[in-house]
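Beneath this line is the structure, given in structure tokens, with notes to follow.
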Amino acid sequence: MRYIDHASVVKRMSGRMIVNKIFQAIFLVATLFALLTLGVLFYRIISQGMGFLTPDFFMNFSSRFPEKAGIKAALVGSLWMMAVVAPVSLILGVGSAIYLEEYATKNKINSFIRMNIANLAGVPSVVFGLLGLTIFVRALSLGNSILAAGFTMSLLILPVIVVASQESIRAVPKELREASYAMGATKWQTIAKVVLPSAIPGILTGGILALSRAIGETAPLVVIGIPVIIQFLPENFLSQFTAMPMQIFDWAKRPQEAYQSVAAAGIIVLMIFLLAMNSIAVIIRNKFQKRY
Amino acid sequence: MALNEQKDKKSVQQLIAIQKGKKGKKWFEKSIPVILFVIASISVLTTFGIVFTLIFETFEFFRRVPILDFIFGKEWLPFSNSQPRYGILPLIAGTLKVTLIAVVVAVPIGLASAIYLSEYASDNMRRVIKPVLEVLAGVPTIVYGFFALTFVTPLLQQFIPELKIFNALSPGIVVGIMILPMIASLSEDAMSSVPNSIREGALALGATKLEVAMKVVLPAALSGIMASIVLAVSRAIGETMIVALAGGSTPRFDMDMTDSIQTMTAYIVQVATGDAGYGTTIYYSIYAVGFTLFLFTLLMNWLAHAISKRFREEY
């Protein structure tokens with residue numbers, strides 16, 4: 001008895017192969033769509049903003065006249081904000097990760113902390129802005145200062161840093177820890193001198209990527225009321241300031257055509273920043289990545 | 001001689017005993033987990049902070065505006081001097097329009113990319129495409145908003161002349177592009193984790209690659225794919241800058257895609273950039289809207305979590 005009708009299989013096979021090829025082409029086109037979008041996006045922004053990207057653009061404050069508008073205040077403001085976000089978010093993030101990976105036992109409180117971090121990662125950034133407005137700007141009366149914005153951004157990227165640090169701490173093999181204990185080291189000595197040094201490239205990579213998100217994030221800054229027209233550079237962490245995405249948002253909203261180009265020039269500066277940070281992250285990942 | 005050496009050098013056991021005698025070290029060692037626990041609780045405090053500020057200020061809002069008017073009201077006119085209305089439905093409609101368009105754009109393209117990457121692509125191809133998706137995922141949303149306003153809208157206006165400068169279609173498409181990498185890479189992860197033995201079984205029975213992908217891999221990875229889509233929807237609901245720049249600020253309760261809209265997030269931005277004073281009803285309304293938004297995204301995140309937990313396939 002023959003279960004398979006050879007003739008009909010042969011007859012249908014070529015059709016099925018053709019359908020396979022057609023769909024392969026469709027899937028490829030869909031995949032290339034992402035590539036195309038990215039290309040168009042970069043091309044549009046560069047061709048629009050390049051003309052405004054003069055040395056003056058970096059030396060001027062924002063202005064009522066598009067040709068005199070510059071990104072100086074926003075660029076310096078973003079750097080000041082990063083000076084708050086980087087230490088705060090790294091200390092909080094790495095500290096939480098060490099606790100969860102090395103000290104936490106499997107009890108209800110710790111699994112609650114874990115679940116909480118996962119949930120926090122899904123909260124929209126605009127809601128973090130509302131938190132920052134209520135707690136930092138009003139309750140702690142920091143005003144719309146660098147500190148208030150920096151704290152808000154730190155909390156926003158905290159889940160990302162915690163998860164990235166947890167992963168790289170988990171990747172440190174058990175044998176290293178056991179060898180350290182066998183030499184008589186205490187738990188903290190083991191963590192500080194064995195685990196963290198091997199985990200630091202992964203932590204830095206994740207941390208830099210998270211910081212690059214904080215640099216580009218706009219919504220929380222809008223909600224906590226960061227001003228856009230700032231004609232001075234910040235003096236300390238309680239100064240008013242403005243940041244690059246905020247400035248771009250303001251330019252993009254203006255009705256005059258010329259401001260579109262100014263906004264595009266601002267976007268180029270922002271994207272160069274992000275690209276540089278991402279490249280550093282990739283270099284660290286490739287250079288220090290250890291395989292056990 | 002030998003005896004003298006013994007006297008000078010201490011044994012390891014003695015050294016440990018001396019170390020243990022140092023109280024300071026011990027105290028230090030014990031305080032570390034406590035400090036780290038406090039640091040780890042800050043994330044919990046953040047969640048409590050978010051929930052409590054939202055509930056607290058929303059409560060204040062509901063003392064001024066009846067809760068039923070808020071939930072079922074079909075008009076959102078907070079800036080009206082004579083008769084301000086606070087019905088959330090128009091803002092939800094705006095959010096849903098954008099989300100719907102984003103899903104229509106991102107799900108087919110994202111899934112097709114995921115299938116291509118996991119089933120067809122060579123390693124070289126994957127090495128090119130994956131970083132592109134990562135870059136696309138890392139583009140700040142303000143840049144996407146600018147792109148929607150200055151490129152996508154004028155482009156669409158060539159095909160749809162009645163399209164307004166601010167509309168639902170253009171930000172919807174761009175939000176779709178924004179969530180595309182998320183769907184593609186998470187779904188690809190789910191498909192790649194389907195073991196090769198199952199694929200080979202199907203191929204050995206004479207299935208083509210397409211049949212393997214559609215009838216074997218896709219069903220096996222369905223829970224991961226569904227979870228990725230739900231997570232992406234949550235991101236689309238919470239997306240702010242794209243809709244604030246390209247969506248406009250006209251809350252309307254209908255399904256018109258070509259006219260100006262307002263989403264929940266865009267309303268918060270509008271109030272924050274305006275000059276509504278602290279303590280006014282408008283000020284409290286952004287918390288009520290934020291709370292609604294928070295509930296929507298929380299629901300989606302839990303749904304994604306439940307899907308991937310409930311239907312997880314273990315191989």
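The backbone N, Cα and C atoms fix where each Cβ goes, and this holds for glycine too.
The feature domain 'ABC transmembrane type-1' is assigned by TrEMBL to B:92-304.
What TrEMBL records for B:32-56 (among others) is transmembrane segment.
Counting same-chain residues at least six beyond the ends of the transmembrane segment (B:86-111), those with a Cβ under 8 angstroms from any Cβ of the stretch are 65, 69-76, 78, 168-169, 171-173, 175-184, 187, 225, 228-229, 232-233, 236-237, 239, 243, 247, 251-255, 257, 261-267, 281, 285, 288-289, 292-293, 296. The transmembrane segment annotation in TrEMBL covers B:86-111 (among others).
TrEMBL lists B:132-153 (among others) with the feature transmembrane segment.
The transmembrane segment annotation in TrEMBL covers B:165-184 (among others).
With a threshold of 8 Å between CB atoms, the same-chain residues lying at least 6 positions outside the transmembrane segment (B:216-237) that come near it are 95, 98-99, 102-103, 106-107, 110-111, 114-115, 118-119, 175-176, 178-179, 182-183, 186-187, 189-191, 193-194, 198-199, 202, 207, 264, 293, 296-297, 300-301, 303-305, 307-308, 310-313. Residues or ranges marked as transmembrane segment in TrEMBL: B:216-237 (among others).
Below 8 angstroms of C-beta separation, residues 50-51, 53-55, 57-58, 60-62, 64-65, 70, 78-79, 86, 88, 91-92, 95, 226-228, 230-231, 233-234, 237-238, 264-265, 267-268, 271-272, 276 of the same chain, each at least six residues beyond the ends of the transmembrane segment (B:282-304), sit close to that stretch. If you look up TrEMBL, you'll see B:282-304 (among others) marked as transmembrane segment.
Through the fold, the transmembrane segment (B:32-56) approaches residues 287, 290-291, 294 of its own chain, all at least 6 residues removed from its boundaries and within a Cβ separation under 8 Å.
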